[in-house]
Amino acid sequence: MAPNMRDVELTEVDIDGAGEEVRLLDSYDEEEKLRRIQVRVTGMTCAACSTSVEGALMGLNGVVKASVALLQNKADVIFDPALVKDEEITNAIEDAGFEAELLSEPTASRTNPHGTVVGQFTIGGMTCAACVNSVEGILKKLPGVRKAVVALATSLGEVEYDPSISSKDDIANAIEDAGFEASFVQSSEQDKIVLGVVGIFGEMDAQLLEGILSNLHGVKQFYFDRVSSDLEVVFDPEVLGSRSVVDGIEGGSSGKFKLLVKNPYTRMASRDLEESSRMFRLFTASLSLSLPVILMRVVCPRIPLLYALLIRQCGPFQMGDWLKWALVTVVQFGVGKRFYIAAGRALRNGSTNMDVLVALGTTASYVYSVCALLYGAISGFWSPTYFETSAMLITFVLLGKYLETLAKGKTSGAIKKLVELAPATATLLVKDKGGKVVGEREIDALLIQPGDILKVLPGTKVPVDGVVVCGSSHVNESMVTGESAPVLKEINSVVIGGTINLHGSLHVQGTKVGSNTVLSQIISLVETAQMSKAPIQKFADYIASIFVPAVVTMSLLTFFGWYVAGVLGGYPEEWLPENGNYFVFSLMFAISVVVIACPCALGLATPTAVMVATGVGANNGVLIKGGDALERAQKISHVIFDKTGTLTQGKAKVTTVNVFIEMDRGEFLTLVASAEASSEHPLAKAILEYARHFHFFDEPSDTSEFQTYSEQAKFSGWLHDVSDFSVLPGKGIQCSIDGKWVLVGNRKLLTDNGITIPSNVENFVVELEESAKTGILVTRDNIVIGALGIADPLKREAAVVVEGLIKMGVKPIMVTGDNWRTARSVAKEVGIEDVRAEVLPAGKAEVVRSFQKGGSVVAMVGDGINDSPALAAADVGMAIGAGTDIAIEAAEYVLMRSNLEDVIIAIDLSRKTFARIRWNYIFAMAYNVIAIPVAAGVFFPLLKLELPPWVAGACMAMSSVSVVCSSLYLKRYKKPRLTTILEITIE
């Protein structure tokens, strides 16, 4: 038989962003007895600090290797777990004077038996922040669980755990034991596939499937659910791929079985729909049973014939009493069973939530009504019953839950829209062993593998990220860039999955598939942001932790206060209901207090607003990585811009060439291009492109494909051979050409090498810099032979955005490694007064910290690898979407369109989101502050104002819905336009 599902979760978490120093340690992972961990080290400011940490770690007995990355604030440690423990490593760092936090273990491909997996679970039945706290508390206590985050708005939980200690079934069972429903969605495993199997009708078919999988080389484990017909397969990705699994099963069954790949996001959407449908069924069932009870109390007394039937004696009770009792019992213990189950589990785990309040209120009303009937049958004194209170209370609570699921479904619309962008199928070009195309085959887009050649017809979506290998066409990339203008794609052009091919047919070779595609990463970023908690949420969590006990206490005080006052003659008997007494009168106020108090609205105030805001941001090309980033962004007082590629277009072009010796211009350009051909710097690529065009008079077909031109240039035969090439960061490059030493760079490069710059050369460079151009000097054997002027045009929106930020009360600053004259000239054009020039990459982070020391909330906007330390150091890092992966990883905001206007959108959206969150808290707090005194009868002596329990239940149901609808108002957000952006003022 197939192994149990608890054996499936076996792969480790892949920690992104590991530095190069981590890869140098991979060889140590070959020894299974050794373990490898990463530790976040806080407080390091220089190389001496990192050396101190390394020394402290290497001083521990059992540590084999320790490497500390200053910029990443991480330590990577290889050690023998038999000699030293994790805690001893963190203690050693703390003893050295720094703060230490153990991070998730880095991936060690199948050699580390202690890896972790991130699993995602849907959690049903959560109603407030107290529920979230309860689930998180239970999960964090499970053995093997390293981290657990639960989001109320999405009804999702993410758990990082060690599958060798706790399985996903253990996690799901723990959630259910806490009083909630749980189901597994997906994990971080890259070697697992979930398939729907069509064609299994009996035991023989199931055994055939098991036999095929058992004989399929590379399959590690599998599990087939006969109820849902879902098949989960764990396989070795180095032996076979997901498509090979599907082909192997379908081929082994001779076509009897048909397999469909299950998209986890589609499964989540179906579960959301099921939850909404279930709530609607419960609500309609409760309403259909409760309406007759209301009619018997309100309408039937006005219809003599019906009323006569209801008051007809039938045994010890009237016919109407029997009917009410029977109908409400079904509602109370049938439809309302979920409240008792959830409340019981919550209480067993030492927590309280809204289910406890509902169960208390409805039970008190029901038990009193039953006791009143029995007491009347025994004594002959008939007190009024309140069966309808219990029934209508459950009905209104279920109505509120149903409306809440609908509203929460609308808040998650961003992910659904992004998922819909991905194509469902793709056309695979089938090749023979010689590489010749012999046919086409339509496959599920989730089965595409790296290296596949795919045919993309006009009007269809590009299946995955890849490179064009045949054909040319224009592609609509607005889903990523926001730009409506189609982009020309030719051979070697990069295409993005989910974009639309407009005209010609393309053959695309897949390079990034699955979770590695741009679209998948966007979805992951949005999902992560919606899972995160803003710091302001801690307020709601604290209130939720004390809310239910406080409400129960207020309810008891209300009951005893009214009852004692009545017995002592504190109010007239005329206030009592017909045939009522002080006990009944007091009990109704107490039940109303329990019922009307609602912690749900407080719990939903922040997460729903954050969820909507992240979706709105994604729709406007701004990806937000979390609620904490949103909260910091609304407080931004300073924005620091990198110059090259951020304020400028990042498309440097040579505008001026001046040769100072007797040398042919073409020969000079060939010399400089040969020196710069091995450099990846944008200025080097600009020089190489200019020289290539000078010699061959051709224009590149796509100005973004610099690397392709560089490779072509290296092997085209027109460049000189180069030796001893090296890059000098912040200065330039040096190399040897034909036995002569060549330098290409700025003034500092020359002065550091003892080369004197002639006055005519200096004047030429100064003239360039004053016109916002960068001057590049060239020397050969310590003689200045020429100079080039390179211009990087400003982005057209730069000046307007800078002025808009000033109007918003935000101070813009520019930082660059360029010289002061060029920096001041560029800053003057865009309107920035505060400029920091000639700053090395590490110095940008210091500029950020210098403003933070004054108490300012600082944002950094950049695009390159050299900006990543500053992006990480800033309170809010904003990475240009066209920048490097490292810069994007270090930032909290990703501006996908590479448009500076999105900086305005990011800050404006953050401010509006937290203004909405504040309103949500005002609504939630005001509701409870006003409603609870009214329900307790505080205004009854003066105004005769009271809330019957069933009315209180209706108010409670609507309170959480009103907060969710308030958050949904953010969907109406309109981004500021450039024509009106200058009208923005400080709010």
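Glycine is no exception: its Cβ is also placed from the backbone N, Cα and C atoms.
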If you look at how TrEMBL annotates this chain, which of 64-83, 384-403, 784-803 comes out as transmembrane segment? 384-403
By Cβ distance under 8 Å, which residues at least 6 away from the ends of the transmembrane segment (949-970) in the same chain are close to it? 127, 361, 365, 386, 388-389, 392-397, 399-401, 403-404, 407-408, 410-411, 588, 591-593, 595-598, 600-601, 604-605, 608-609, 611-613, 616, 912-913, 916, 919-920, 923-924, 927, 931, 935
On average, what pLDDT score does this prediction assign to the domain 'HMA' (35-101)? 77
Could you give me the DSSP helix, strand and coil counts for the domain 'HMA' (117-183)? 22 helix, 24 strand, 21 coil
